[in-house]
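Colleague: Relevant sequence annotations retrieved from TrEMBL are reproduced here:
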type     : residues : note
TRANSMEM : 42-58    : transmembrane segment
TRANSMEM : 70-92    : transmembrane segment
TRANSMEM : 123-145  : transmembrane segment
TRANSMEM : 199-220  : transmembrane segment
TRANSMEM : 226-244  : transmembrane segment
TRANSMEM : 256-284  : transmembrane segment
DOMAIN   : 312-435  : domain 'STAS'
Amino acid sequence: MAGAAIIVSLQQLKGLLGIVHFTNKMQITPVLISVFKQRDEWSWQNLLLGFSFLLFLLTTRHISLKKPKLFWVSAAAPLTSVILSTIFVFILRNKTHKIAIIGELPKGLNPPSSNMLYFNGPYLALAIKTGLVTGILSLTEGIAVGRTFAALKNYQVDGNKEMMAIGLMNIAGSCSSCYVTTGSFSRSAVNYNAGAQTAVSNIIMASAVLVTLLFLMPLFYYTPNVVLAAIIITAVVGLIDYQGAYKLWKVDKLDFLACLCSFFGVWFISVPLGLGIAVAISVFKILLHVSRPNTLVLGNIPGTPIFHSLNQYREALRIPSFVILAVESPIYFANSTYLQERILRWVREEEERVKANNESTLKCIILDMTAVTAIDTSGIDTLYELRKVLDKRSLQLVLANPVGNVMEKLHQSNILDSFGLKGVYLSVGEAVADISSSWKAQP
């Protein structure tokens, strides 16, 4: 959401600089072009007043972050800023004509618009098409905003409830002259920055808005736009998580790439497409892990029956004449060919290593299937073909610890008949001990 936060902040440059003719586009390039193109409209009075209250708001936010007991300082700062700036502009109204103010606002509620709903006519098909696209985008944006603040507040977001809420709000709004409703990013940020803890804050806010619309609108005549811009900037700046991005870079480069592409996609294209880019990269990552699962070479921890990765545990030792491999994913059509090629490559590399070091000849390959949670017919065929290939090279293939549903499918396919009595074991340690004993018993 850092990209959206910056986009929202850039939109506030109109009020902060006092620009009258400002672009209605959200992307960073047209916004910056509009800002510098309208330099003659910049107002030093707006800049001075805006940055003064922006500094005040950021200071109160910093105080509340450093001393949580003073949370009320940042919570009261936006309202205090509106009251003080309105009084200031009212007193100096004859000398502050270059500071843009809200001006006259009509009192009362929106008129009913249910009589304007038509379910026939030439524009019905266009309305349905536009409504579907707008609904999907509104839902996407609303859930994205909700999950951002859910992560900050440590609670869960129910997508079904969000969808129903947004739908009901828009149905009610269409009957009362409202525009399309979604999860407002800027207002949610202001609400969060004010210290709201529960949904009761929305009820209080709605009640306050209702009272304001009915009785208090004239009081906002002299409220400067620049202060409202400063409040929004302060609220959204706190959503830029530099530490989170750095953590992604350290932990998972693909996640960082998705974050970076989404960030610049929001900047230069749009919020929905930026989110779409992140989703596309995440789907690509899933497909990559599914089609190229991780495989490990295992070794024995001395003095124990435990086997772990040779790369992860330096004390793990290879077992002479054995290659012990672990597959960390289900085996099915999407990755079965890759796994067969990868296992054969491990075997070939081990044979070359044994030959180079004059060690015991490789005789047995143990496939640890503890992490193989599922298998389909393609995976079963792969195991059968792998056993045949290894048999031709005088190598024995053994399966260790296939889980319940995998074992059931192997049994139903009759593939276990081809492995024989010493083809499946409960654990890697049991397989190594039993097969080693059988070799020693041979004359």
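Cβ from N, Cα, C; glycine included.
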Colleague: Should anything in the same chain at least six residues away from the transmembrane segment (199-220) have a Cβ under 8 Å from its Cβ atoms, list it; otherwise answer none.
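Modeller: Answer is 86, 102, 104-109, 191.
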Colleague: Can you break down the domain 'STAS' (312-435) into helix, strand and coil residue counts using DSSP?
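Modeller: Residue counts in helix, strand and coil order: 59 helix, 21 strand, 44 coil.
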Colleague: Among the recorded stretches 42-58, 70-92, 123-145, 256-284, which has the greatest number of Cβ pairs closer than 8 Å to the transmembrane segment (226-244)?
Modeller: 42-58
Colleague: List, by number or range, the same-chain residues at least 6 past the transmembrane segment (42-58) whose CB is under 8 A from its CB atoms?
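Modeller: Non-local partners: 15-19, 74, 77-78, 81, 84-85, 88, 96, 98-100, 224, 226-227, 229-231, 233-234, 237.
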